[in-house]
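Chemist: So that we are looking at the same thing, I have put the structure below in structure tokens.
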Amino acid sequence: MNATSVPPAEGSCPSNALITKQIIPMLYFVVFVAGILLNGMSGWVFFYVPSSKSFIVYLKNIVIADFLMSLTFPFKILGDLGLGLWQVKVFVCRVSAVLFYINMYVSIVFFGLIGFDRYYKIVKPLLTSFIQSISYSKLLSVLVWSLTLLIALPNMILTNRNVTEATRVKCMDLKSDLGLKWHKASSYIFVGIFWIVFLSLIIFYTAITKKIFKSHFKSRKNSVSVKKKSSRNIFSIMFVFFICFVPYHIARIPYTQSQTEAHYSCQSKQILFYVKEFSLLLSAANVCLDPIIYFFLCQPFREVLCKKLHIQLKTQHDSETSKIKRENIIQESTDTL
């Protein structure tokens, strides 16, 4: 049993080498390959999709964030396996791990903005003129990236203690006293951002569903098809958020406390470490699921993808072009929830 235990990357308690040096790196490798391929393809497709609507601008930002996040996985794999120079682990602690979180939370916030965008287009259509303009969306995108970098970059700068020996590197040991405090504070901030976005999406999509169902119940046209489509789109987004992000954000706070506070037992630290590692893997797997959401969420994405793959895409509701403007808004929004 002693041969299968090694010190974990974070802390002095032993961990199972089968989990930390084989299972987790192998799963990250699978996610890395799938994420690069799927997001590379998504980026290629979106290159041909004009940024004609605000939600498309937000989706393109998510593609960029997911692709950049995928590029950090090889460094985590090498660090967990203990391959390469010890400087690789230092790079993971100082740079690639921070970039991972930056891109993860950028992606989360943009999905929140998409929900906000859809809510105002469907439920509050009279207020959409400025909020849904392309220039506003691009400005908001710059603000999201800037604020996320502002919160996260100090974690790079304050991970500044020197490593003089090629020993097992522990990320928390590289942080200054201020770095430890900022690590804890930024973790709380990002967890708070996630829960705000998650609860907002529940509110937005509940209101959207009620509005769509009520509008089509009154018109009594294609109500079954609309219900199925809107339910599918809403379910796909909330499913990804719940499966990929909720477990990690439940585990994040107690794990951060176990890193920065001394009263946790070795066994507690070990359990929280495993929970954090596997829940973080679920969050990383989000880069493989987002392209599926693009397909359901964005009709221009579907059209370009099918055109590039020479697949015949069925046209739907061709006869609906004569509907009144209100019905057109509801139908379009059903395709792009």
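Just so you know, glycine gets a Cβ as well, placed from its N, Cα and C.
Residues or ranges marked as topological domain 'Extracellular' by Swiss-Prot on the basis of sequence analysis: 1-28, 76-95, 160-187, 255-277. The N-linked glycosylation site annotation in Swiss-Prot covers ASN2, ASN162. The annotation transmembrane segment is assigned in Swiss-Prot to 29-49, 55-75, 96-116, 139-159, 188-208, 234-254, 278-298. Sequence annotations record features per position, and here Swiss-Prot assigns topological domain 'Cytoplasmic' to 50-54, 117-138, 209-233, 299-337. Residues or ranges marked as disulfide bond by Swiss-Prot on the basis of sequence analysis: CYS93-CYS171.
Help me picture where these features are in the structure shown.
Modeler: Averaged across the topological domain 'Extracellular' (1-28), pLDDT in this predicted model comes to 66.
Within its own chain, the transmembrane segment (29-49) is flanked in space by residues 56, 59-60, 63-64, 66-67, 69-71, 73-74, 77, 281, 284-285, 287-288, 290-291, 294, 298, 300-301, 304-305, 308, which lie at least six positions past its ends and keep a Cβ under 8 Å from the stretch.
In the three-state DSSP reading, CYS93 (disulfide bond) counts as helix.
Sequence-distant contacts of the transmembrane segment (96-116), counting only residues of its own chain at least 6 positions beyond either end whose CB sits under 8 Å from a CB of the stretch, comprise 55, 58-59, 61-62, 65-66, 68-69, 72, 75-76, 140-141, 144-145, 148-149, 152-153, 155-156, 171, 190, 193-194, 196-197, 200-201, 204-205, 237, 241, 245, 283-284, 286, 290, 297.
Under the three-state DSSP scheme, ASN162 (N-linked glycosylation site) falls in the coil class. All protein chains included, ASN162 (N-linked glycosylation site) registers 6 other Cβ atoms within 10 Å of its own Cβ.
Listed by sequence, the residues of this chain that lie at least six past the ends of the transmembrane segment (234-254) yet keep a Cβ under 8 A from its Cβ atoms are 108, 111, 115, 187-188, 190-191, 194-195, 198, 201-202, 205, 208-209, 272, 275-276, 279-280, 282-283, 285-286, 289-290, 292-293, 296-297, 337.
Helix, strand and coil counts from DSSP across the topological domain 'Extracellular' (255-277) read 18 helix, 0 strand, 5 coil.
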Chemist: Quick check for me: are there 3+ Cβ pairs below 8 Å between the transmembrane segment (278-298) and the transmembrane segment (55-75), leaving out pairs under 6 residues apart?
Modeler: yes
Chemist: Can you tell which of CYS93, CYS171 has the least company, meaning the fewest other C-beta atoms within 10 angstroms of its C-beta, among these disulfide-bonded residues?
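Modeler: Least crowded of the disulfide-bonded residues CYS93, CYS171, by Cβ count within 10 Å, is CYS171.
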Chemist: Rounded to an integer, what is the Cα-Cα distance in Å between ASN162 (N-linked glycosylation site) and CYS171 (disulfide bond)?
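Modeler: Pair distance, Cα basis, whole Å: 12 Å.
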Chemist: By Cβ distance under 8 Å, which residues at least 6 away from the ends of the topological domain 'Extracellular' (160-187) in the same chain are close to it?
Modeler: 7, 9-11, 85-86, 89-90, 92-94, 97, 151-152, 154, 252-253, 256-257, 259-260
Chemist: Determine which residues of the chain contact the topological domain 'Cytoplasmic' (50-54) at the Cβ level, with the cut-off under 8 Å and only residues 6 or more beyond its ends counted.
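Modeler: For the topological domain 'Cytoplasmic' (50-54), the nonlocal Cβ contacts are 60, 117, 131-134, 136-137, 300, 336.
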